[in-house]
């Protein structure tokens, strides 16, 4: 199943690279050096090597198994790699394939299936991927329907998928279960233990969905879950790794920035930026201060016991490598660079980041030596390069391309590295390789990509709710690297307020009709043309007052102290620290 246009893309990369190397210095294009252009085209070729083999050997399964050239379902039977790769296609400039895949997904993906799905993974990969593709569909040349971006087939698919997740949030605490059956809801015997990231990683996708559809339920449950985590911090202000969503008791009590916690911190920052929400940023800055106070040592971040602050595991996890990029988003660039350089030394030692790295010993941890082609260090390099233009960050990108091609490239794609010490491979290519790793590498070497727009270029779109500006830049990447245009959240904001206004007017009409005192007192406001006050302004002010009153009422309660329990939760499992 080869997509149209892919053969041309496959040939174009090497030709562009050869052309760039023959150009005089500085003439490869605005902001693009010949080596950067060459590496960008190598990344493009890497994408198509993986993508085409997924289409030929694995579709419609979720993922490619590159050693056996077949496929497997992993996260719910959604053709997940296709959803995850969709916005990457547009970032690489392949408009025709983007359009074709949108049609394939509309015809072939069904969420009304008897499958137990990860609430976290379905949100970040499926809901996030569909929302991003929906907001990019006009740029990709698709004929959008009237009312876009407040309506559209991909938005309806995202909403359908998100509604399948809502039963997981029906707990006494508002914190969701980790797994839900898409047909039947939460299974009666489902474990109530969920990791912190699995609770706090919804506000970006769910708030976007609420703003586009006008249904507040999604943002409401995401906020309630975040505030529940905040409410149940330890007495010294730290969150742990896994919590019982029924009793709010912490099961895994290690605090840190890595696996099981990571995207909780990420979404406090990105949610604050996306929604211009001071409360979320205040929550992050408070947590960040404590993380630095208790876990930071020589620009490394360790794991500590959440009630005592004592070190429980002096390890660096590859998932922690997102942190320098997050620091750059709040302007803490100097600290971000120092931590990034620590992580880069580990990459240079092994040609990748092992899942666990023992900091005092300077070596991998037993049974955690693998590298599943994760994007986090490359992600941080992309953010930091945008902030600093430090050439060291391009060197990381160069090293990543060389390592991944040398170690993990096989005939049918790119394989997970099972052990960085001897380069043994595993028969899996996770969908995030095309969604994140390739995307961040490409954007690192493509400074003129539309994703990096500084606001000098934009589109004005007419919606049923007025004009709105889109594609002006400032994209917020969800934790699966699906870009969300923050301006889109303001295109449909009048929907709920207007509904309330209509309801109020109707009540006023019937009330006054009964008492025979009704007058057309509001009519002149609507008929004064340009001199009339825009009802959107009034409704937005009213909504802002409601949101601000909610923001100021967050709880500062802490859960009671528990006995010391030294456990570390990783990737949904709880490991004793002596394993």
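Cβ atoms here come from the backbone N, Cα and C positions, even for glycine.
As annotated in TrEMBL, region 'Disordered' covers the listed stretch 520-560 rather than the other ranges in 479-519, 520-560.
A gap of 10 Å separates the Cα atoms of residue 479 (Ca(2+) binding site) and residue 262 (active site).
When the alpha carbons of residue 376 (active site) and residue 262 (active site) are compared, the span between them is 11 angstrom. Within its own chain, residue 262 (active site) has 197, 319, 320, 322, 479 as residues 6 or more apart in sequence whose C-beta sits under 8 angstroms from its own. Residue 121 (active site, proton donor): 22 other CB atoms within 10 A of its CB, across all protein chains. The number of other CB atoms found within 10 A of the CB of residue 479 (Ca(2+) binding site), across every protein chain shown, is 25. It is 19 Å from the Cα atom of residue 355 (active site, proton donor) to that of residue 121 (active site, proton donor). Summarising the environment of residue 376 (active site), the number of other Cβ atoms within 10 Å of its Cβ, over all protein chains shown, is 24.
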